[in-house]
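**Q** Below, the features straight out of TrEMBL:
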TRANSMEM  B:12-32  transmembrane segment
TRANSMEM  B:44-60  transmembrane segment
TRANSMEM  B:93-110  transmembrane segment
TRANSMEM  B:122-140  transmembrane segment
TRANSMEM  B:146-167  transmembrane segment
TRANSMEM  B:187-206  transmembrane segment
TRANSMEM  B:218-239  transmembrane segment
Protein chains: 2
Amino acid sequence: MSQLTVGQYQFIYNAFSFSIATMGAATVFFFLGRGQVSKGYRTAITVTGLVTLIAFYHYLRIFSSWEAAYSVVNGTIRATGAAFNDAYRYVDWLLTVPLLLIELILVMKLSGAETTAKGTRLGVLAAIMVALGYPGEIASSLGMRWIFWVLAMIPFLAIVIELFVGLRASIDKQPQEVRGMVSAARWITVLSWCFYPVVYIFPMIGFTGGAATTAVQVGYTVADIVAKVAFGVFIYVIAVKKSAAEMPEVPLTVPRLVDVS
Amino acid sequence: MSQLTVGQYQFIYNAFSFSIATMGAATVFFFLGRGQVSKGYRTAITVTGLVTLIAFYHYLRIFSSWEAAYSVVNGTIRATGAAFNDAYRYVDWLLTVPLLLIELILVMKLSGAETTAKGTRLGVLAAIMVALGYPGEIASSLGMRWIFWVLAMIPFLAIVIELFVGLRASIDKQPQEVRGMVSAARWITVLSWCFYPVVYIFPMIGFTGGAATTAVQVGYTVADIVAKVAFGVFIYVIAVKKSAAEMPEVPLTVPRLVDVS
């Protein structure tokens, strides 16, 4: 990482700050927007906001760790000796990646038993996937990195199969007006997640030095914003549409004796 | 920037602090005021508050960066060696400028399809405009600065055309009592935004040294307050008026059998 230029250092620094602002704003959006959906969808939106809140916290830590790891002296970057703590990302994913899948299951409003079964299976697979990625991330040899990459891909593929095969019947039962969006939400999940194993192998395919560090840090940051915020907005819109379909607004001509808002 | 006088340094410093106070207070106002408008306008007010919240965060960062970049020693300003991070402004605008246009679209309450179409088009144009401004801002040559100024003006003009031609029919359909205000909101947008390209060219028209730095920093700060807070209050008043017009308050003489609020 010592080959970082000042421009690369600052680009990563600004990307982290951008993520803090985005995750924080998204959290407020989801928590305020909770009241706009009917009760059956509020837990889905709560979880959506928790994901961005957890990421907001971790990006604050990542930002501070990055700031502490380097100093700019007379236009050059010097490592201060304090190591940049990459583990924050894995701690974040260990919490947020299972929650992201649970968001999707909750907004589908399956039966209680199905919600528990599918939420648990997907959540556990996601946690195993993240846990298997970490030993490779901190491994000093490229061989170990490859081994854990392959191991983490097994639960990842199991998640993809569960989303596209296991959930097919449930998606067909979604209301007409949101079926396409729920299906698209799976695609956002899978496509945005594909980014992580790709970024992970950058150092393994000869991509090293400051450019690799920049690609990895900015790549993970962009992937996090897509997977958590863009995906979350999608979940929110699905919840708003389903709420509206289930409970049409009372026409103004009808006397409103009871106002439960 | 080394030609800054102590007075100029402090003026900028105080302008940043003023902006922190204004953005923070505006955020609280919008979030508390959300409950005063009917459900259909709450998302518009949420977005209005998010814009000032994001700006509040960035002004805290800008203030700290400014404080770290200079020290006042025996009545003269010395650069500490830590660079003032101008990128915070662009990171802020990348998020807030699209959201400002989305605020306007949301408060107009168009059809779902129109909201998505117009919101997406204006939001993307705004993001492109900001992204094109940044390479010029950090360019060392005035030629590059002019090139990116011209490039960023293209999406800016497209936004102006969209606001004044594309939205004309939708504005004519707004309720009588707010039509003038919605139309004026476009003018606030365009006029407050004109400030940015003007401030941007200060260094290109021979305006250099401490006076230029002061004009740029204070100019951007004032423009941000007008474009985000004053514009936001306008959006809020439109939402309050439209809410009142759509759902007249129940006269007090009507017995209120059940009030579960």
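Residue numbers in this text run from 1 along the chain shown.
Each Cβ is built from the backbone N, Cα and C atoms, and glycine gets one as well.
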**Q** Mind checking which residues of the chain, 6+ beyond the ends of the transmembrane segment (B:187-206), have their Cβ under 8 Å from one of its Cβ atoms?
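**A** Sequence-remote neighbours of the transmembrane segment (B:187-206) are 100-101, 104, 133, 136-137, 142, 145-146, 149, 152-153, 156, 160, 163-164, 212, 215-216, 219-220, 222-223, 226-227, 230-231, 234.
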**Q** Quick test of the contact rule: Cβ under 8 Å, at least six residues beyond the ends. What residues does that give for the transmembrane segment (B:146-167)?
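**A** Contacts with the transmembrane segment (B:146-167): 101, 108, 118, 121-122, 125-126, 128-130, 132-137, 139, 186, 189-190, 193, 197, 200-201, 204.
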**Q** What parts of the chain pack near the transmembrane segment (B:93-110), using Cβ distances under 8 Å and only residues at least 6 beyond its ends?
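**A** 40-41, 43-44, 47-48, 50-51, 54-55, 118-119, 122-124, 126-127, 129-131, 133, 159, 167, 170-171, 174, 182, 185-186, 189, 227-228, 231-232, 235, 238-239, 242.
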**Q** If we skip the immediate neighbours and take only residues 6+ beyond the ends of the transmembrane segment (B:12-32), which ones have a Cβ under 8 Å from one of its Cβ atoms?
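**A** Contacts with the transmembrane segment (B:12-32): 45-46, 48-49, 52-53, 55-56, 59-60, 62-63, 66-67, 213-214, 217-218, 221-222, 224-225, 228-229, 232-233, 236.
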